[in-house]
Amino acid sequence: MEEVLKPQSTNNDVNFEPLVVMEFALNTNQAAIEWMITKLQASSERNGAELCVTAVRMEHNQGQTETVLLIGGRTERLLLGAEMMGLMKEYRDGNLREFTSVDINNFRGADNPDGILSMAEKQKIIFRELENIRATDEDEHVPGYEFIKLYPGRNIVKKMLSSDIVKTLFPIHDQDFLKKLGAEWYKRPLSSQPIEKIKYYYGEKLGIYFAFLGFYTISLIPPALIGFLYWITSWQNLYREAIFAVFNLIWATVFLEAWKRYCAELAFKWGCTDFVSSKFEEPRANFHGHMGRNPVTQKPEPVFPKSQQLLRFYGVTVPVLFLCLTCAFYAMLGYFWLQAIVDRWYLEDKSWLNKIDTFMPTVVYAVVIAILNAIYRKVATILNEFENHRLQTSYDNHMILKLILFEFINCFISLFYVAFYLQDMKLLKSHLMALLITTQILGQVQESVVPFLFQRRRAHRLQQAVRKLETAQSVSYSNGDVGQDLLRQVSIESSMDQYRGTQDDYLEMFLQFGYVFLFSSVFPLAAMWALINNVTEIRSDAFKMCRVFQRPFTESAANIGAWQMAFELVSVLAVMTNCALIGMNPEVQRLLPSDVTAINVLIIFVAVEHILLALKMAVAYFIPDVPDWVEVEVAKIAYQSKLALQKEQIQRSAASKRKAEVISTI
């Protein structure tokens, strides 16, 4: 193979630790593979990543060839990458500070430079370097594939992935640590989650997600217990729903404010507090445009006019979104048309079979909602890519906005229609119950039952991967050999499913939060159903992360992003909906004087709504977002940084003064 693959960089170290796998499609043109290796090994001055690469070439039956690149980096290269990324590491005083090579001796673990960075951090650095490999003016197309055009500033690795030249790109699992993590995570269903170990292995973003999922699940216990007590007791009173609704509204605020405090603690302990300017943040790998320079860092990067981005949003995204919402509206009308037919059948013949049929339109509608949501998510992803956002945070926030706007309307439009147009509380309760339970059953089937049923297929796929390696006619290496155990692990992990991120998981929790709190006065048991669902979801997600998915590249996150605002907006909307539902209760209206006009009734309940909103704001105000000790520690770090800067300036001034004195004596 060394005669075929010719690495053009002399900086490679054959003794490096393989951390990331890049697998090419079968029979990929050799020119494209050699070109990719050159890009990986070339120095940054030559628009390369300056990484270490071992190429493994396997010859199979019928003339099929398969090439896998095992990518790593020299210690000094990875430490430089950590410094360029502003990676936070533990300093000798116990605080987290941005890593710098010149100050390496003052960081914990400096006695073993190779152990300063964790395996996940090394893989994150390599992924960043892969994202920085962009096409230049000389790269017109992928070698050997003239029809795959390249444009200056476009990310080369992403282009090869989307063109199916590169089959998959993933970081290698740490099998020993993963076994220990799984034993503490999904094998102990009643114990707390090992959040610190999850963060260490999967990064801050996934650590924050599982911390939020666990925190939200625990917060469901009080409303679930009260709802269960309401269900088993026979107490019927107009104050029953009002008391439960008020409790839920206050409790939702307490939960969201308490989460912000807990999240601030995690962000500080993990060193991912968001202080980075958007001008300093690196552009997304898929961000494209003509090559220019960052006004702050002066680094070369793609530039895309803001006017074109706005034109794409208002000229394409908004009309397509309106079309999708129209489809959701007509799906709702179709549901009510079908429900009316089934209800008429039941009135004509009140048999048990027709009674069961009355629930079928809601079940079918829940399935239709799930199908429309799945289709829209693909459409939203295409639109978001088309808008060409520069920053990953901007890309994520616009994606969240699209998902929330459509799926909230798609899931809740029928409930609002029943509640405030038909004003049928009995139908609202049955419709909400059927939607919530059906949605959660579909989710559990998709996330738990389907993976279990496909366990045999997955095992067969893993066996095929191992058999393919064992039956290869020849295996050759370039730039170092690879152990059989590692090669076997790479073959197995390449056949595993790819993790798609946290967006869908947050969206599922957001919709569930809406089902529980928007109409809590109508269906108190909603929190109980949500609690049962989430307890099983935590462990099923943990199992899939450890056993089903490839290891994802770690990502930084200081909080849950735009989802925090989304949850808070729903909690505010819940005040309005529950006040309106209670106000429309005939028993409540009978308590009012008979001579009160409709306008006066409206004014009364608007006043009550504003009182509850004021109470909600007061609760939020008296619960600080950041704990006092975190604010003190942040202030200490800022003060120490100021002292260090002053000391450095004094030393420079003294050095300049001594230099001037030496020159004057000459």
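Note: Cβ is positioned from N, Cα and C throughout, glycine not excepted.
Predicted automatically and left uncurated, TrEMBL annotations should be read as such.
Note on TrEMBL: of 156-178, 432-454, the range annotated with the feature transmembrane segment is 432-454. Long-range neighbours of the transmembrane segment (313-338) within the same chain, counting only residues 6 or more positions beyond its ends whose Cβ lies under 8 Å from a Cβ of the stretch, are 361-362, 364-365, 368-369, 372, 376, 379, 383, 386-387, 402, 405-406, 409-410, 413-414, 417. Counting only same-chain residues 6+ beyond the ends of the transmembrane segment (562-584), those with a CB under 8 A from a CB of the stretch are 241-242, 245, 248-249, 252-253, 256, 259-260, 396-397, 400-401, 404, 416, 419-420, 423, 425, 506, 510, 513-514, 517-522, 601, 604-605, 608-609, 612-613, 616.
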